[in-house]
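Copied from TrEMBL, the annotated features are:
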- 28-47: transmembrane segment (TRANSMEM)
- 136-158: transmembrane segment (TRANSMEM)
- 178-201: transmembrane segment (TRANSMEM)
- 208-233: transmembrane segment (TRANSMEM)
- 239-260: transmembrane segment (TRANSMEM)
- 295-314: transmembrane segment (TRANSMEM)
- 320-341: transmembrane segment (TRANSMEM)
- 370-392: region 'Disordered' (REGION)
Amino acid sequence: MTVTESPRTAAPSSALLITPSPTPWRRIALLALLSTLTMATLVLWDVNRTGAHPANLLQGMTNGPAYALLHDDFPDVEFLPGLGLDGQQYYAMARHPAHFDQAAESLDRPIYRWQRPLFPWLARVVHPTSGGGGGLVAAFFAVGVAALLAGGIAAGSLSTALGGRAWPAALFPLLPGAYMSLRVTVSDSLAMALVLVALALSAHRRAWLAVVVACLAALTRETTVIVFVGWALARRSRASALLAIAPIATAGMWAVWLRLTLPASPPEKVDELGLPFVGLLGAARDHWLEGTDRLGMLSTVAALALTAIALGRVTRTHPLAPALALSLAFVSLMNHNVVGIDFGATRSTMPLAILALLCLATRQDRVDGSPASHGDAGMVGPGLASGGPTSR
């Protein structure tokens with residue numbers, strides 16, 4: 001990154017024009033690709049180790065809501081007893097991507113599940129033929145791998161746009177949440193990848209495209225709007241405000257449409273949230289101190305530690321500091337299962353972990369979170385940084 005005197009200032013002025021170096025796309029893409037291939041290999045190895053059949057990626061069980069559908073599509077598979085995980089429900093949504101009432105028969109909470117339709121829709125686009133089976137599961141896996149790659153590239157691009165290093169490109173596909181998302185076929189990696197793509201586009205002044213991607217993120221996981229609100233609070237520009245308002249409106253209108261469309265049913269109980277920090281204490285008491293869910297413990301503790309370090313090292317003017325603080329507040333409200341067990345903790349702390357890593361990767365003295373000016377299209381932030389000759 002080079003620093004030159006702004007032509008818009010008088011000779012003795014201390015205002016400096018920040019001109020970022022070109023984005024190292026080749027290095028970023030290589031780091032993201034290597035990490036994505038590593039994670040995909042690890043997941044496929046575990047699938048082969050525990051049962052080499054496509055349904056293993058869905059983690060459906062005999063008491064699960066989609067068991068009847070899975071049993072019909074995979075008649076040769078002997079499912080274990082239990083409720084299973086969420087991958088089976090995304091599969092059911094992809095089997096009936098436009099017939100919500102039919103898919104609802106295989107969902108535990110239809111409105112809640114259909115609030116996040118983009119992941120199964122993309123899988124159906126990749127596998128457009130009717131029916132399911134191994135082909136549809138492979139489509140889900142392909143979408144998941146593509147999400148890891150896109151998220152890695154976006155993380156590297158966002159980091160370098162904010163004056164940081166390219167190494168976050170290698171870390172996003174290797175996060176515990178990335179593993180769990182790909183291993184059990186859920187949407188968290190795709191949602192976070194879309195968030196990073198939207199922020200990277202915003203940092204590179206592709207405002208309208210960033211808004212479109214942000215709306216897609218909200219249709220993948222509605223809680224992604226928290227990050228966009230934080231970004232808007234830091235940037236304080238019309239473009240960043242729209243980046244928060246548009247996905248909130250999209251998620252809200254979609255939720256209203258679902259309630260008008262889906263068959264009447266008893267109110268769905270949503271107990272994933274509670275009082276601040278009660279869930280974290282419960283996770284330690286009911287899971288970690290009992291010697292279970294070690295991966296969940298590692299994910300949550302590491303994410304909280306990284307967040308504490310990041311918030312201690314950056315100022316509130318950092319473009320990602322408000323988003324990180326809001327994400328921390330949201331995690332503090334989650335119940336003990338969401339932040340405690342392996343399946344929940346790895347995914348719920350994923351935004352916290354990657355935002356903290358991005359804060360640590362960027363140099364605070366190179367980043368300004370105030371509104372962007374309409375000057376040089378290559379500039380990051382306002383384009384002007386006050387300071388003397390020692391400014392970097």
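Heads up, the Cβ atoms here are built off N, Cα and C, so glycines get one too.
By the Cβ criterion (distance under 8 Å, sequence gap of 6 or more), the transmembrane segment (178-201) is counted as touching the transmembrane segment (28-47), at least 3 such pairs being found.
Same-chain residues lying 6 or more positions outside the transmembrane segment (239-260) and placing a CB less than 8 Å from one of its CB atoms are 100, 111, 114-115, 117, 198, 202, 207, 210-211, 214-215, 217-219, 222, 224-225, 228-229, 231-232, 371-372.
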